Number of protein chains: 2
Amino acid sequence: MPHFLETSAPDFDARLTALLGMKREDSPEVDDTVAAIIADVRARGDAAVLELTAKFDRLELTPQTLAFSEAEIDAACAQVPEAERAALELAATRIRAYHERQRPEDAHWTDDTGASLGWRWSAVSAAGLYVPGGLASYPSSVLMNAIPAQVAGVERLVICAPMPDGVVNPLVLLAARLSGVDTIYRIGGAQAIAAMAYGTETIAPVDKITGPGNAFVAAAKRRVFGKVGIDMIAGPSEILVIGDGTGDAEWIALDLLSQAEHDESAQSILITTSQAEADAVCAAVDRQLEVLERRAIAGASWRDNGIVIVARDLAQAAALSDRFAPEHLELCVEDPEALLEDITHAGAVFLGHWTPEAIGDYIGGPNHVLPTARSARFSSGLNVLDFMKRTTLAHMTPAALAAIGPAAEILAQSESLQAHGLSVRARLDALNDKT
Amino acid sequence: MPHFLETSAPDFDARLTALLGMKREDSPEVDDTVAAIIADVRARGDAAVLELTAKFDRLELTPQTLAFSEAEIDAACAQVPEAERAALELAATRIRAYHERQRPEDAHWTDDTGASLGWRWSAVSAAGLYVPGGLASYPSSVLMNAIPAQVAGVERLVICAPMPDGVVNPLVLLAARLSGVDTIYRIGGAQAIAAMAYGTETIAPVDKITGPGNAFVAAAKRRVFGKVGIDMIAGPSEILVIGDGTGDAEWIALDLLSQAEHDESAQSILITTSQAEADAVCAAVDRQLEVLERRAIAGASWRDNGIVIVARDLAQAAALSDRFAPEHLELCVEDPEALLEDITHAGAVFLGHWTPEAIGDYIGGPNHVLPTARSARFSSGLNVLDFMKRTTLAHMTPAALAAIGPAAEILAQSESLQAHGLSVRARLDALNDKT
């Protein structure tokens, strides 16, 4: 049974606050282990990476076999059945079309003093994508991480993907090829993050690391942040569905379960203005849970983390949703565009009855790497700008400096930064000498 | 004497690589201390913040005096001399005008399947700006942090600024007022970061924390990252000047010193194609160092971290500059726009002889909170997008789902995520039933 909340109940606020603060994930204290792994990779390079891969993934590699060869990738791609290849290609095409619209524009203008101002965007030179492990590694995540980097114009794109016991998912290699990845290393864990951040004899360091991972990967990303850029510290996934009684209870139940089946710590939330819909969806979830392949996982997620709230009206539902700031938000209502106006915090919004969240996971076009655990309050899903940076530009003319230089000098003096002031004053004096 | 490098010397690459890897800052191991402070603030709220402020800043506060009152701010602002007020107002106006051009645009379109796609930008609800301490606190940094947040549309903007021994810089309070800050707390250190991230009885939590700080502040920001957004982990400042022999050696020397005077660990680098210019600038630096108020600091920075490189030509100079990926880059050359084409990695570029870096620190318009320690390879200076997030949107029609849903179903099956596939299949079946 999920958590049921009645908004009119006297303890509603207290219960909601408790649920919002609930920690869904066991975060084992891995920080010391990770620090040691990073230090080891920095000190011993390839040798450390190879030893750790043998130990954790039971995979014996050499510097020569750290990366897949082109022939190996060719062979794997050839194994992919035609239907899956076509689906992956359609997904890549749609994801690329969406992200191409995110390319930012440079700007240049002249202000009223005659100064030229502006900025210029450029791509990071090299990016590393982490793809979590083994057979459960997701080709869709490869597309979602690599395509924005490719669209941004990243020159060198590498993947680290652990292959426990050497098991390879051919679809992952095909997805990498479809999205312009240059090199795929069969390594994972904190050692892969360290290798990408600091480099080894074989692995050239990158400038930015993205992609989800387990607690070791997350702790390693936090530690190397600053040495390289990172995207975010990903937590377990969540979905919030807002209903108004006009939806199909089976469809909503499947949407909730498509989040719950990811992980026992995933969270599925239904906020509806209809008590009848709440009841019908819960009944449908229970029915589906009897037959779902991943029912153990999905059932545990729904029981421990699922939440059902019957709201007074859609305005209240939207306000409650903003408190959750959900990663995925479905507006399964009659007029989703109107409801969207009341929403401020969400990673991705799926509007209307015909937009199941799974469409966004694979093929809609928007990215599926999204801010979890209420971080949609302050961060965005992965996008082209994550692989670019903005350089600001300023070009003063003598007249522009004469106009604004004296104010800079005054502020420098007020901050007791004499050389700052003198660097402006020397130029102003030269101007005065000329006139 | 700074480090002199000859690009034609046989050991040039080795020396350059060593200098690039040089750690300029002592990073004391403060992580355990910071973890304890954060835990204390989470557990005891105001009481912990007040005790730590009494201990570290020798300042006795109460929950009532944690923040400045409006009357206190009024009184402080009234003390600011007219010339400084006018300079600060001009700076605020110019910084606002620059950043208003950074407001991003929403996007909506319909693709060839009839699906509506797009995204929407929104501001974070609350931001906290950290302003380092005491009399040396910089009013310009208040403007540079607060104005982008204000332009983004942040609803609640707070400052934490330690006031050791209760000493207040009136210009800081005036800068806060000019840039729409709601509340100024007289607290600092890791306790201020913890209070803004987790909240206390008196201090409401924020969603994003920006601003520079000492090792304790940096470690605290790294720890709360994920709970809130942060801007970056700031390191010591640096400037790189590229010259071609057409500049004034005195001006370049002052520009180099305006970085060196910040901090002994600051770094000033000259790369010039002219040996005569290298010599003249070094002589001018030595002359200025005899009279500069902050000569002890600036001299130590120049001696320990200063670098002078004579390059073969401007193309080589640009390539070397990219390896440093400097925070501030001055192009003191005859044709700076042409040279800019060869530059990829820099936080802010100042073009031509009449654009001293100090203009950018105060009044040019671009932000002075910039990526240090080679992080311009992957990150941007503070900007309006740091206070906004993008929500992606997708709205499928039945026809759009019919067109792309089958591919999503295939990919869901390939990832063994059955409910994902069923959530699409249930809708496709309903469509087929209708037709």
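Each Cβ is built from the backbone N, Cα and C atoms, and glycine gets one as well.
Listed in TrEMBL:
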BINDING   A:Tyr130, A:Gln191, A:Asn214  NAD(+) binding site
BINDING   A:Ser237, A:Gln259, A:His262, A:His328, A:Asp361, A:Glu415, A:His420  substrate binding site
BINDING   A:Gln259, A:His262, A:Asp361, A:His420  Zn(2+) binding site
ACT_SITE  A:Glu327  active site, proton acceptor
ACT_SITE  A:His328  active site, proton acceptor
Quick test of understanding: given the recorded positions A:Glu327, A:His328, A:Glu415, name the ones whose C-beta is under 8 angstroms from chain B.
A:Glu415
Select the closest residue to A:Asp361 (substrate binding site) from the following recorded positions, measuring between CA atoms: A:Tyr130, A:Gln191, A:Asn214, A:Glu327.
A:Glu327
In Å, rounded, how far does the Cα of A:Tyr130 (NAD(+) binding site) sit from the Cα of A:Ser237 (substrate binding site)?
17
According to DSSP, which kind of secondary structure is A:Tyr130 (NAD(+) binding site) found in, if we only use helix, strand and coil?
strand
Quick one: Cα separation, A:Asn214 (NAD(+) binding site) versus A:Ser237 (substrate binding site), in Å?
13
Quick one: Cα separation, A:Glu327 (active site, proton acceptor) versus A:Gln259 (substrate binding site), in Å?
11
Just to verify a number: CA distance, A:Glu415 (substrate binding site) to A:Gln191 (NAD(+) binding site), in angstrom, no decimals.
45
If the NAD(+) binders are A:Tyr130, A:Gln191, A:Asn214 per the record, what's the largest distance between their Cα atoms, in Å?
13
Rounded to an integer, what is the Cα-Cα distance in Å between A:Gln191 (NAD(+) binding site) and A:Ser237 (substrate binding site)?
25
Extra residues within 8 Å (Cβ to Cβ centroid of A:Tyr130, A:Gln191, A:Asn214), NAD(+):
A:Pro132, A:Cys160, A:Pro162, A:Gly188, A:Gly189, A:Ala190, A:Ala192, A:Ile193, A:Gly213, A:Phe216, A:Val217, A:Ala220
Residues near A:Ser237 (substrate binding site) in space but at least six apart in sequence (CB under 8 A):
A:Gln259, A:His262, A:Asp263, A:Ala266, A:Gln267, A:Glu327, A:His328, A:Thr372
Protein Cβ atoms within 10 Å of A:Glu415 (substrate binding site), excluding its own:
21
Rounded to a whole number, what is the top Cα to Cα distance in Å among the residues the record ties to substrate, namely A:Ser237, A:Gln259, A:His262, A:His328, A:Asp361, A:Glu415, A:His420?
56
With the cut-off set at 10 Å between Cβ atoms, which of these binding-site residues ends up with the most neighbours? Options: A:Gln191, A:Asn214, A:Gln259.
A:Gln259
